[in-house]
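Report on the structure given below.
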Amino acid sequence: MGVPLQAGHFVTVTTGAYVRMVIIGLGYLFPISAIWAAFDYWRSLFPNTNVEFPITCIYQAGTILTVAALSLGRSFKFKQRIYGAFAGQFFGLLVILLSRWMSLGEATRYVSLMTLVLFLSVVTAFADSSLLALNSQYSPRMQEAMQIGIGLSAFVSVMYRDITKVMAASVVDATTLYFSAALVTIIICAVCFYSLMSMPISAHLHNVIIPGEDDNEDSTDGDMTRSLLSPPSNGNPHRSLHIADVIGKVWFHEAIIFSQLMITLTCYPSVITAIPCVTFTSLDKDHWFQTILLTVFTTADVIGRFSVRFRGPLDHSNVWLTLIFRALLVPFLFSCATEVISSDWISLPVIFIFGLANGYSVSLTLITVNEIPGLTADELKAAGRFSAVALNSGLCIGGFVSMGIGLWLGIAG
């Protein structure tokens, strides 16, 4: 049996648990990463529209509304939410795979795609609302592991796309192989979550007291209360948690999380895939240049996430400096997309630097929220829920900012 979580202490993270959390992080955001990476297929279906912009907006709006709705509940079973999310994601990607053989007009196919994106945003939010709170029950290394997994999600989806485009004779055939591989990936991630919950390190998650509106029902292992995975404490187990006090301690850090993710979705993937091929014209066929740009971004993002343990002087008190640096890069990306900067020799390093900064600063910001001094064990759990809201709100606003700027600059058509 593992050692239960005590106030101010974290359960030691084993290598096996760390690897499993990396794979879980990879899986729960994989569907939208897969849809983004298949941008060339969507352009073959909808040649007059850059669907990356509406896909991003619909997905993020659906996610934040679902997370907000779920946060109103007093208790929830986190295992059922995460398993249900993986099942829903599998179903959504399966429908996209099978749509190749469906006789649909362009307008009907477009509406169907956007409906599936909305569906995937809802089921993914069920996992998203649980995983940050789940991670607060382990050491910050598990948050680091999930952030690496999230970065790998985009990276693996782009690698799948690169490989399938090389293997297949057409974009359509490549897409069939691509979404088949995506379905296998979802299954692997669900198995890893089951395995993690069966490990001794997760034993303390099964000793949960269930108060509130579900008291008239039989409690099952894995329930999460309003205070999120609250283990027995040394003090009064029913001590009230003052949300205003928690907000007073973490609001600035949550604002940084919001801003970091807003910058991410303002540029990725819509603006990156809108950057035209200018210098290496031989890569223009089948949108290979934009595929390479996504590969560069996701590779740099993963490098940044793996580098997060090398902080130097950065901690919870000055992590906002990374936000300023990233904000300064945004005009360069839009300049590349609008051909104000018309050289692939400049576009490629700009994308690499932006990806590196994205992986590093986003991961560090999410990790250091657990290191804010003065937070009790219960307040850490509440902070995990606030981080989920800040993260998804930032992504949602970033998607709409990207859409607005894209329409203004003429790159979202």
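Every residue gets a Cβ built from N, Cα and C, even glycine.
TrEMBL: automatically predicted annotations, no manual curation.
As written in TrEMBL, here are the features:
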- 227-236: compositional bias 'Polar residues' (COMPBIAS)
- 216-236: region 'Disordered' (REGION)
- 21-39: transmembrane segment (TRANSMEM)
- 51-70: transmembrane segment (TRANSMEM)
- 82-104: transmembrane segment (TRANSMEM)
- 110-133: transmembrane segment (TRANSMEM)
- 145-163: transmembrane segment (TRANSMEM)
- 175-196: transmembrane segment (TRANSMEM)
- 261-282: transmembrane segment (TRANSMEM)
- 288-308: transmembrane segment (TRANSMEM)
- 320-340: transmembrane segment (TRANSMEM)
- 346-369: transmembrane segment (TRANSMEM)
- 389-411: transmembrane segment (TRANSMEM)
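Within the same chain, the transmembrane segment (389-411) stays apart from the transmembrane segment (175-196): fewer than three Cβ pairs sit under 8 Å, each pair at least 6 residues apart. Within its own chain, the transmembrane segment (261-282) has Cβ neighbours under 8 Å at 36-37, 39, 50, 52-53, 56, 60, 289-290, 293-294, 297, 323, 326-327, 330, 333-334, 336-337, 339, 342-345, 347, 351, 354, 358, 362, 390-399, 401-403, 405-406, 411-412, counting only residues six or more beyond its boundaries. Long-range Cβ contacts of the transmembrane segment (288-308) within its own chain (Cβ-Cβ under 8 Å, at least 6 residues beyond either end) map to 36-37, 39-40, 144, 147-148, 150-152, 154-155, 157-159, 161-162, 165, 268-269, 272-273, 275-277, 280, 344, 347-348, 351-361, 363-364, 367. Put simply, of 21-39, 51-70, 110-133, the stretch with the most CB pairs closer than 8 A to the transmembrane segment (175-196) is 21-39. Counting only same-chain residues 6+ beyond the ends of the transmembrane segment (21-39), those with a CB under 8 A from a CB of the stretch are 51-52, 55-56, 59, 82, 85-86, 89, 92-93, 96, 117, 120-121, 124, 127-128, 131, 135, 138, 142, 145-150, 152-154, 156-158, 160-161, 175, 178-179, 182, 185-186, 188-190, 192-193, 196, 269, 273, 287, 290, 294.
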